[in-house]
Amino acid sequence: MSTLLTPVINLHAVLIADFLGIAILLVILVTRGWNLPGRKEESRMMLFMLLMSVANCFVDQLVTYCDGRVGEYGMFYHVFLWVGNTFLFLYNVFVGIFLVQMVVKHLDRKFSAKRFMVFWVACAVEVILLIVNFFTPIVFMIDQNNEYHRGEVFYFFIVVGLMLNLFSLVYYFGSKITNPALRYFPVFEFFLPLLLGMIVQTFIYGISLLPSCFAVSFAGIVISLQNECIYIDKLTGVYNRFEMDRELKRLQKRHKDKIVAYMLDLNGFKKINDNYSHEEGDQALIAFAGVLNSVFGSVGTVIRFAGDEFVVLMHKAKESDIELYKQKTMEAVEKHNESSGKPYKLSAAVGGKVFDFSKEESQDLVVVIDKLMYKDKDDYYKDHVKER
């Protein structure tokens, strides 16, 4: 036999909370706070989630207004309550999935389709339950008085939502342990408002906080990620010298970290600019930054140092990694050249060294790896005199 809980809805409180949520989200949309320079895919995810969140707040207002209303438009209210509440449940499902994807993408990590399949299966189960709910109310129901009630499997949706959020947190902190230089993601700014809203809404029956909590969470994400963009190179999307200075200061203060540092410089870059235009040169830089991200994204920080020079800082690395990742970089560049369709080929000079910050000063790092890189470049041009 179904167990149904009857709410006592505070209409004015819900409408005000949702209105504030919509206002916050619209400000973010109008000011293009969702647009992250050099991060097109993340920007699209942010835009999608923001638009869905605006719709979520708006539908939540209408559902709250229609709840318990009968009379001349009773049938309309009844249908809308079924459809509207189903949308609210679906929103929570898919935003959770998009959040996991965004965390993974932001950290420049590879996540297998098989691992994502677990989440999509959970989503599919929830969608099936919501379809079944139209015929046999088990998630929620709307009674003859157009009043909303929770159903038997309501808490299944709460558990799945918590699991998605928990996975994102564990994945983020696990990644940070293996590589402290991984891209920052504002986990607390996002999860704390959601967690508080979920707890309060679950245990204080009849109020609706989650839509406005999503709005607050997105505002926290936007502010944090826009601040991070100060440290992002606008052309290539990798970090700039400000981030390198910040990271080197942090390493110097700790005095006990060892890292592998690389300096990489495109060979023949001036020739690309002269023969194919500066716009094509920009495309070559973007492509090379993409190659470096594919090689080092999950193990280090890629930085555009100046012009066509890039620096990579690898944490928890060892001497043998220098040649290993140099070889991986050359292979990735060659793979890019085979598929790029460009009339020119990319190649790079690489200099790398292990730095022990308990014995060496951070200001010496660039000087040392720059000399090693130019030695590699000189060796390259001995065999490619015409390209100099």
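In case you wondered, yes, glycine gets a Cβ from its N, Cα and C as well.
Over in TrEMBL, the protein carries these features:
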type: TRANSMEM; residues: 12-34; note: transmembrane segment
type: TRANSMEM; residues: 46-63; note: transmembrane segment
type: TRANSMEM; residues: 75-104; note: transmembrane segment
type: TRANSMEM; residues: 116-142; note: transmembrane segment
type: TRANSMEM; residues: 154-174; note: transmembrane segment
type: TRANSMEM; residues: 181-199; note: transmembrane segment
type: DOMAIN; residues: 257-388; note: domain 'GGDEF'
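Packing against the transmembrane segment (154-174) from elsewhere in the chain are residues 89, 92-93, 96-97, 99-100, 103-104, 107, 119, 122, 126, 129, 139-140, 185, 187, 191, 194-195, 198, 202: each is 6 or more residues past its ends and has a CB under 8 Å from a CB in it. Summarising model confidence by region, the domain 'GGDEF' (257-388) averages a pLDDT of 88. With helix defined as DSSP H, G or I and strand as E or B, the domain 'GGDEF' (257-388) counts 73 helix, 32 strand, 27 coil.
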